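Visitor: Here's the feature list from TrEMBL:
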- A:12-36: transmembrane segment (TRANSMEM)
- A:57-78: transmembrane segment (TRANSMEM)
- A:90-116: transmembrane segment (TRANSMEM)
- A:123-145: transmembrane segment (TRANSMEM)
- A:180-205: transmembrane segment (TRANSMEM)
- A:217-238: transmembrane segment (TRANSMEM)
- A:258-283: transmembrane segment (TRANSMEM)
- A:292-310: transmembrane segment (TRANSMEM)
- A:338-360: transmembrane segment (TRANSMEM)
Amino acid sequence: MDVLDLARLQFALTGSLHFLFVALTLGLAPLVAIMHTRWVRSGNPLHEHMTRFWGQIYVINYALGIVTGLVMEFQFGLSWSGLSHYAGDVFGAPLAMETLVAFFLESTFLGLWIFGWHRLPKALHLACIWIVTLTAYGSAFYIMIGNAFLQNPVGSVVRGDHMELTDFGALMSNSALVGAFPHVIGAGLAAGGFVMMGASAYQLLRRTAYLEFFTKSLRTGVVVAAIGVVVAVGSGYAQFGLVQEDKFEANTGAAVGLGFMMLIGELLQLVVVFLLLPTVYWLPRWRWTHPILIIMTPLPFLAAVFGWMAREIGRQPWMIWERLTVADAMSPGLTSGMVTTSLIGFTGVLGLLAVVDYVLIARAVRRGPEDLALGAWPRTPAPAPVRLEV
Amino acid sequence: MEVVWLLAFAVLLAGYFALEGFDLGVGLLMAGRPQERRDRMVAAMAPYVLANEVWLVAVAGVLFGAFPVLEGEVIFALYPFVVSMLLGWIVRDAGLWFRRRIEGRAWRGFWDLMISLGSFVLAFGWGMVIGSVAGLPWIAGLGLGALTTALFAFHGRTFLAWREGRGGGRVLALSGLAAAAPVVVLLAAVAPHLLDHAAPAATLNVLSLMVAPFAPLMVGAQVWVWRTFRPGKGSDRIPSFF
């Protein structure tokens, strides 16, 4: 492989890994926020347990979202400085909004939410998880503005050897964005719904002591998965009228990604909408269905990675469609040795951590809502010595 | 408008040193301590870490949005530093996140070692980066690496003292200034170069317009973190997630 292939491979691997965790973040964040809202309104301990259990899974998953995201952010400078040189005046703005505003707020408020248990007033603590959810969606929106610009460079002009921003509004209403953003959100919700479904099915199959908890969670998972799959498939088809016609014909990789994604998407839609949703009331009691639900859990994640393959390989050989090639976007002076070293470092470390993170998530699912670290109660202080006055 | 964005860049980078400096310092000081002490040290910094480390993410964002040409040049020029410091950052964060997820001395001991190792790579790396950007010979970079490591460790110490009710806030503020001093000197030296490479007015105006409505919330959230987790209030009785 030459240096360009290596740099592309590095971005593809870290990007795919990043999205596996980000998709679940997007899916679980609103669910945890809704559970937390119900807990604050009802005071019901069941809702508290649901908030803490699914919140803990959300937070464990978030760790890898952060660290893979850091590598993504700096990779633009490491491998693709030609992109910021040529189009930084345009592409930099949405990326700056994502990191400077959306992620800044998301991270700060997530810290307040995780460590604010028993410290913050109830309503303010609740506000934290809603801000985390909104800013997570804000992050996805800004990243998709940047990505859509690469697919379809609107709102800008080429002046001399670089591009300049002329109309940010055009970037926000890009035809490569309006279908793709709901598509990504749908994929995220599907991922969240399927994880909730699979985890609940596992607990129910094992005759959990928390029957009501996982019965409700399984039903929520099915409904959210159905919403997610319908939104993802619907906005997926809607995009066919908007993408460049020759995108999938010239690129085998993109066509393969597209084909498998559609295959999984349609299978999931069939199963969730026509089989699971109508039987959602009885599903928690039908134990024979639970192994099937568990086995299906990775499918939306697989579809998501195939979807990114279709979109990103479909853009080849362009970094910015018909403006800048990927080869020209590569940092001048980048050598095979440099990319190989960082590729081994990043994929080795992130790959290992991803495996550890999934083991920890699986372990948290197996243990159920007992002894949760998130929101653990304060240790009662040792009783003060009582001096008896006689 | 260039000046506003230069100031934003400088404040965020200096703020990162003054804030994340003590997290890295605590990470350095954890090395070789018994587990019970390490648990208390992590619990002391835990509520601040997410709010602090994100300042550097914001620095990179400003670099990309307001000084895009420099973003590519600077990060590429610092290639080996950026790669090793990213790896250090990753294992430090993973250590914090994972250390309590499984009970057991060996598991926690391993991730605590990763926290110390990652903190050291970042602390020492920053000194080398400053030396490299300033164009100093590598031997001076090593010296600066030792300096930033020592400053961060000292800052971590004053933070722990403040958090555990053994020291004042004023000392903490002073050690924060000391931790940020090397990068402030560098910023003063490279300011004209940054101004020359700012994005065109159209980009900066759009960026300012979009960031401005959120700026009060961003500042407010940071202030709120410091108010919520100030020492006392029985904060040591709430078990830390990290």
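Along the chain as shown, the residues are counted starting at 1.
Keep in mind that glycine also has a Cβ here, set from the backbone N, Cα and C atoms.
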Visitor: Test of understanding: applying the rule of at least three C-beta pairs under 8 Å (pairs 6 or more apart in sequence), is the transmembrane segment (A:12-36) touching the transmembrane segment (A:292-310)?
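Guide: In contact, yes.
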Visitor: Out of A:90-116, A:123-145, A:180-205, A:258-283, A:338-360, which stretch touches the transmembrane segment (A:12-36) the most, going by CB pairs under 8 Å?
Guide: A:180-205
Visitor: Please report, as numbers and ranges, the same-chain residues at least 6 past the borders of the transmembrane segment (A:217-238) whose CB is under 8 Å from any CB of it.
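Guide: Hits for the transmembrane segment (A:217-238): 27, 31, 50, 54, 179-180, 182-183, 185-201, 204, 261-262, 265-266, 268-269, 272-273, 276-277, 280-281, 283-284, 293, 300, 307.
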Visitor: Looking at the transmembrane segment (A:90-116) and the transmembrane segment (A:57-78), are there 3+ C-beta pairs under 8 A, with each pair at least 6 apart in sequence?
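Guide: Checked: the transmembrane segment (A:90-116) vs the transmembrane segment (A:57-78), in contact.
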Visitor: Using a Cβ-Cβ cut-off of under 8 Å, list the residues of the same chain that are 6+ residues beyond the ends of the transmembrane segment (A:180-205) and lie near it.
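Guide: Distal contacts: 22-28, 30-31, 54, 57, 137, 140-141, 144, 147-148, 151, 211, 214-215, 217-218, 220-236, 239, 268, 276, 284, 287, 289-291, 293-294, 296-297, 299-301, 303-304, 307, 311, 365-366, 368.
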